Amino acid sequence: MLIEQLWTANAYRNFNYLIACPETGEALAIDPLDHRQCLATAKRNGWRITQIFNTHEHGDHTGGNEAIIAQTKGKLLAHHKARDKIRGIDEGLAAGDTVKVGNGVALKVLDTPGHTMSHLCLFAPSNPPALFCGDTLFNAGAGNCHNGGDPNALYATFTQQLALLPCNTRIYPGHEYIENNLGFTLDREPDNEQAMALLAEVKSQDPNHAFVSTLALEKEINTFFRLDNPTLITKLRETFPDLPRVPDPKTVFLKLRELRNKW
């Protein structure tokens with residue numbers, strides 16, 4: 001499996017992705033907002049975009065669909081419940097489905113509600129594994145639930161799906177928010193040495209060659225995976241004094257999401 005992470009350099013700080021089969025040169029475009037860059041990259045690599053995959057329905061992820069399809073005649077894949085939100089879906093996908101790219105790439109579909117209720121991620125059981133997670137999971141962060149989402153569903157997605165993936169899974173999110181998200185981690189957990197070290201590293205990074213984290217690292221630097229951390233809970237109680245002495249993980253997650261909305 002060949003992966004191209006494409007930095008759009010737009011105000012929303014989007015990443016687009018191309019996944020290609022090395023045998024056939026067929027490629028899948030994920031959330032190809034910057035259709036010109038996606039098409040140019042595919043051409044430069046000698047790839048043919050045969051499928052387009054939308055993680056969810058928001059315009060900064062679907063905005064390049066029509067231009068890509070017009071150029072490639074590629075088939076559009078998205079959540080089976082998003083047909084009224086994304087125009088021109090050719091194949092509606094559900095949890096457990098497989099997206100095949102060429103002969104050698106098979107991606108497992110994960111139904112990951114939270115950011116929206118029709119959000120999908122793609123998991124590649126490659127070596128190492130990879131997760132293309134749209135706006136569900138960010139480096140050191142979690143998607144918001146402002147526009148059609150539900151934080152309760154997002155909690156379930158994190159704890160019942162994402163946290164159970166292999167620890168060496170490489171994380172490919174839909175946006176580049178790592179510096180700001182690490183700032184939130186350190187606001188909540190000021191003694192997190194790994195977050196401090198990584199923040200110093202990524203402050204000077206070129207998003208065209210962005211840092212790629214793993215699930216193991218996310219569990220060390222991402223507050224939304226660190227729901228039983230004593231420092232984090234003590235800090236949370238400063239804002240929410242009625243928090244139980246030993247709060248349940250869901251309560252911690254929801255309070256963190258509430259704080260992050262305003263941070």
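Every residue, even glycine, has its Cβ placed from backbone N, Cα and C.
According to Swiss-Prot, D60, H61, D135 bind Zn(2+) 2; the candidate from H35, H175 that the record adds to this site is H175. Together with H56, H58, D135, Swiss-Prot lists one candidate of H115, H146 for binding Zn(2+) 1, that being H115.
Annotated pair H56 (Zn(2+) 1 binding site) and H175 (Zn(2+) 2 binding site), C-alpha to C-alpha distance, rounded: 13 Å. In this structure, H58 is the one among the binding-site residues H56, H58, H61, H115 with the smallest number of other Cβ atoms inside 10 Å of its Cβ.
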